[in-house]
Amino acid sequence: MSRRESLPGGRPVIDKTRQKALQIEAERNARREAMAARKIERAAEERRNVAAGNPGDIDFISLVRDWRDSGNVVREDHFHKGVSKICISVRKRPVSSKERAKKDHDSITCANPHVHVHSAKLKVDGITKYLDNNSFRFDHSFDETETTQDVYKYTTMPLVDFVCAGKGGRATCFAYGQTGSGKTYTMGGIQVMVAEDIYMLLGEGSGCRDDDTVVTVSMFELYGGRCQDLLNDRTRLKILEDGKGEVVVTGLEEYQASDPGDFLTLVDAGNRNRTTHATEANDTSSRSHAVLQIHLRDKATGRLKGKLSLVDLAGSERGSDTKSHNRQRRTESSEINKSLLALKECIRALDNGGGQQHVPYRASKLTLVLKDCFTSPLARTAMIATVSPGASACDHTLNTLRYADRVKEKKVGGISNARKAEIRVEEEAKRERQQQAARELRKQYNAGADDFDEHLPPPPVEEKKKFVSRDNIERRLDANAQKKAGGVHGNRHSQQQAAKYTEPPRSPHRNQANTAAAASEERRSPQRRSRSPQRRKQTIESKASVRDVQRPQAEVFDDVTMLHESLRSHGDSGLGAADEDAVALLHKTVDEIFEEEEQLLNLHMSTIQESAELLTSEGKLLQQVQGQDDYEIDDYAARLEVILARKMVLTSNLSKKLKKFREALRKEEMLSQRVENMPAY
Ligand SMILES: Nc1ncnc2c1ncn2[C@@H]1O[C@H](COP(=O)(O)OP(=O)(O)OP(=O)(O)O)[C@@H](O)[C@H]1O
């Protein structure tokens, strides 16, 4: 209720309510003006961000900028620490055009040796924006302005020096990270620099000298449980472990490379042969672990003086990333994850002094093949974890950094020998139960069929390693390219490769490699240039032979169990015991699928061959009978019976193998549904 009063002089009194309303109006106008000014300011800020190549949410961008400006960033100079047992570094790549198009903003700060992740979050009101900042410290961190040369200098160069000392050093450099984060880009550059450096060191004659040392190169990939020679038409290779625990990749060819040009020709060919798929993050995502091994061998005896392995790991994924995958991609991802977990455990064991504890290197083919890099007292390791800068990749980036952080953990974790023995007993009992169940099943089936394992072709008994000269390589690569272009090979990979050969992609790495090769050609000494073709054609037979003991599936399973026990004891996965067991079982099942698949294909092939022989025998038998008036009908009937019985055995064995394979597939389907829904996986 308003009250009107007169002021002295008869002036009307403004109603108090009206006064209040005017004040509110004025405040509203002021707010409107401020908002309009802020809008103009934001538009200008947005334009500045876009011009600086950093579009995206301007509030988060400005929160990150404020964080960086408020003295949180302390950058140290890189310095050479010599060769350490394990060196862990992180490299951040620049924001890509794809990320810019999606308005993803830069949310990683690398200030050597720290990495800071600024995850964009909303408060419970759903409006207020804030940053969840997580910081890590590594041996080195490289930001988007630092070159591959910088990365090489502080991570791989010490390993090259170590290997070239000629004292039998085994050094390994891994590129690890989310798909599309820059592993292949970084490794491509490192390969070029290694090529330059090794020959320069050999020329200088410190440790290994180029007159008594030969450099050989081999390159293979591990893809979906298979090991394939990248320099030999993706021939499938077997990884065998002999009685003494030596691991040998049988059939893998080592090519002699006499200079950086030779070296890069080989590496380039190997890189082009890798298995890739388009993924959300990367058009040519590498789905395999690619291992480039550089051996320095004594020219006269073939003795290994040093070995450097450069490993471009397949992109890491989380369980939830695989939801839309088909079975092939799912098992591929599961195998990748298992091998990355095993890698972490094996590097940790190296950090903790190796020999004292069990190293579960059999848990994956990747770790099996690199066994000496984890168990040799002369092993040195560098890991370069690559990260994408985008805010949308923050969860993945945190996973990568946590992985890298835990790799170099000082605490001795793992599992005790007593627990190891217990696991062995538990696994043995489980196997016995499974075998009993299989025997029961066989009884139901049994129609006098032979044990189907008898039909599997025996593994090779002895393998000789060949070093192949560059002339041979080029002939082979040409021949392979022609075969592929002519469509001789029918499989999916070779068709993809054939397409690549008919229209070779010119990747930045390739151009980089060629430029470096050309530059190195110029720098080569006259002696190098005048090297005779004879010497290039030299082929050396190594003394390596394998007493052939294929890794038993049971030991693989034991190591997978131990791997997950160890992860749990480190509190790494964030899973409960039941979930961790389910993941372990999935990993075993995927391993089983790969083994069963290979056995099924081999059995199918041998069945077809034997069936064809039986058909020929049958035809001949019939011809004999039809061509003679006076024939032994009893003899005919007996021989026909033998043929038919054998056919039934073949069919029955193949059906059993198929059934076992399909059972493993069903199990995988069930388990992966469960694992995909685990939030922490
Ligand atoms: N440091 C960098 N500077 C500039 N561009 C980069 C850098 N790192 C990566 N890139 C670019 O980012 C893209 C993805 O990089 P790359 O193929 O190396 O990723 P990746 O981690 O190997 O992926 P995947 O695991 O899927 O194979 C490529 O186009 C590459 O050229």
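Each residue, glycine too, has its Cβ placed from N, Cα and C.
Under the heading domain 'Kinesin motor', TrEMBL lists 85-410. If you look up TrEMBL, you'll see GLY177, GLN178, THR179, GLY180, SER181, GLY182, LYS183, THR184 marked as ATP binding site. Residues or ranges marked as region 'Disordered' by TrEMBL: 315-335, 448-553. Among the features that TrEMBL reports, compositional bias 'Basic and acidic residues' is placed at 318-335, 461-478, 538-550. Positions annotated as coiled coil by TrEMBL: 415-444. For 526-537, the entry in TrEMBL reads compositional bias 'Basic residues'.
With a 10 A radius on its CB, LYS183 (ATP binding site) counts 28 other CB atoms from all the protein chains. With respect to ligand 1, the binding-site residues GLN178, THR179, LYS183 contribute THR179, LYS183 as residues with a C-beta closer than 6 angstroms to one of its atoms, given in sequence order. Taking all protein chains in view, 29 other C-beta atoms sit within 10 angstroms of the C-beta of GLY177 (ATP binding site). The local packing around GLY182 (ATP binding site), expressed as other Cβ atoms within 10 Å of its Cβ over all shown chains, amounts to 25.
Of all Cβ atoms in the shown protein chains, 24 besides its own fall within 10 Å of the Cβ of GLN178 (ATP binding site). Cβ neighbour counts within 10 Å, taken over all protein chains shown, single out SER181 as the most crowded of the binding-site residues THR179, SER181, THR184.
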